[in-house]
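Engineer: Once you've had a glance at the structure underneath, I'll fire off some questions.
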Amino acid sequence: MGLIVLQDGFPNDRPIQGFPSDPVVRVPDDTIPADDAFSLMFLISLSITFGLLLLVLILISIYLTFCGGNDGDDSDDEDEDGTSVSFKFFRKRNSLLLDSSFMTPGKFDDDESLKVREAKELPKMSSFEVELYERTKEFQKMSPPMVKPLGSFLNSQDKQVIKDRGIQSYFFLPSINDNVDINGAFLPSFFVEDKLNVSFTKFNISSSAIMNYPLPMNKKDAVYFEVKVYKFKTCSNSIFSIGLMTCPYPYFRIPGTAAYSIAYESTGKLRINNAFGADTLLPKLEEGDVVGFGYRYSSGTIFITHNGKKMMDVTHKVGIDLFVGLGAMNAAYTRTYTKDGLFEDPDNVSFRQKWSELQAFNNGESSSDYIDARNVISKDLLQVHDPKEDTVSSDNIELHVNLGQLGFVFIEANVKKYAFGSVYGDIGIPPAYNGDDIKQDMLLQKGDELPPEYPDDAVDFFGDIHSPASTSEPPSATFSAGLPMDNAADTPVSTADADADADADADEEEPLISVKKPAAQTHSKKNNKKKKKKKSNRNRRG
């Protein structure tokens, strides 16, 4: 009977799978539908597949990280002085400022290609340019660049100075005393004003200014600085460059022309370790332009801005300490930037067009269409000059550097705070000594309006300072034949008597600050004084 009730209680139950159908023993239907079961199996298999792929990618990345270098790369892990550089730097070295093509040839191929390029480019240069190139090679051979990982150049003392002073701790190093006249007088190539403003003088031939500290390691995404072209003559006989470089850097070379340097040249050329012809990839600079350089820590990317607009990302995976550098050169001593060199440059299409228009107008019939050559090119650049025989004064160039002490033209740098640090550091701004805060003091202002009144006739805290006893001077003595004279008797007095009188007077002197005494004490003192005077007169007569 109970089995029949159980069967009636589950009329829709099916038999258990794998057993013969039994109408008596049945269970509830809790199985998943066929479509849902297929979806679940598909998801499980898909997750397993993705997990295996992720594991394979992790293994490949580990292998490339630790076992991807070959013997040739490991052989370059030491400098010429035998000191090793960290693993991190050489993993970032794959596209580190090698040349304008951003290629990474081997050491042998690099040397051979350099020899081929020297044989091609050096004959096109002036003797002055060739001399600079040879001096640069010798300089960096004797003093190789300090290629160190980012943030390793500074010691603990330098870091503390930067932390305390902030941007105020940065400044450009002064000019090297290498340019003198026939009398040995120093002719500075540039002046440093207000720590960060560099003015290149008329004595400049070719020089560069480097900052005392490298790019800082702050807690932002990037670090950024801007340089404003404060003074630069139109059609100038000089060029300048702005960029980043290692230390020590040849002081007689502009940035971008020596190893481990990158620069934005005023001609619009982008130079990366390139002393020869470079490509014109950027706008030409004029007076009032603002050039910016930034460095992103995460990717090691260097980017350039012009008048607040980002132009390009120049390099990637740069992981070394770089210094801010400014340089200028007198182009009259070069062939590259004179008329012939500018004609040979394939990027100077506008110059060739202006020169052809100049020749056409000057040879035309109408004199009103005459164009002065000074509007196209400086007269000093019409031919190559020799600095040893023909001295040409350089046009003055003034560049102002902004590390964050002022607002940036590049908006992103202001929003994300890419400055070198705080303006005054942890110490803060120094106190003001110009008197503006003092003038706002209410007490001092009230004192100026109502000067205090001092008592004149009343006996004040210090007593009667106007009494005759305290203000009278001792009687003057006249001297005759070396002996003091008595004013009353007009006779000489012996020195012994004078000494006795002096002692008596010293005892009788009252202090300058008098104190009121009782009347009895004052009367007795006057009697003693009269007795002493009578005694002294008797001694004199005797």
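Count begins at 1; order follows the chain as displayed.
From the backbone N, Cα and C atoms, a Cβ is placed for every residue, glycine too.
What you are looking at is a predicted structure, and each value in this text was computed from that prediction instead of being measured.
Among the features that Swiss-Prot reports, topological domain 'Cytoplasmic' is placed at 1-39. Residues annotated as transmembrane segment in Swiss-Prot, with sequence analysis given as evidence: 40-60. Per Swiss-Prot, topological domain 'Lumenal' is recorded for 61-542, and the stated evidence type is sequence analysis. If you look up Swiss-Prot, you'll see 158-345 marked as domain 'B30.2/SPRY', on the strength of sequence analysis. Annotation comment: Swiss-Prot describes N197, N204, N348 as N-linked glycosylation site. Summarising the annotation, Swiss-Prot assigns region 'Disordered' to 447-542. Residues annotated as compositional bias 'Acidic residues' in Swiss-Prot: 450-459, 498-511.
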Engineer: Which ones in the same chain are close to N348 (N-linked glycosylation site), with CB under 8 Å and 6+ residues apart in sequence?
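Structural biologist: Within the chain, N348 (N-linked glycosylation site) has Cβ neighbours under 8 Å at T280, L342.
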Engineer: How many other Cβ atoms are found within 10 Å of the Cβ atom of N204 (N-linked glycosylation site), counting all protein chains shown?
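Structural biologist: Result for N204 (N-linked glycosylation site): 25 other Cβ atoms within 10 Å.
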Engineer: Show which residues of the chain containing N197 (N-linked glycosylation site), separated from it by at least 6 in sequence, have their CB under 8 Å from its CB.
Structural biologist: Y230, E398, L399, H400, V401
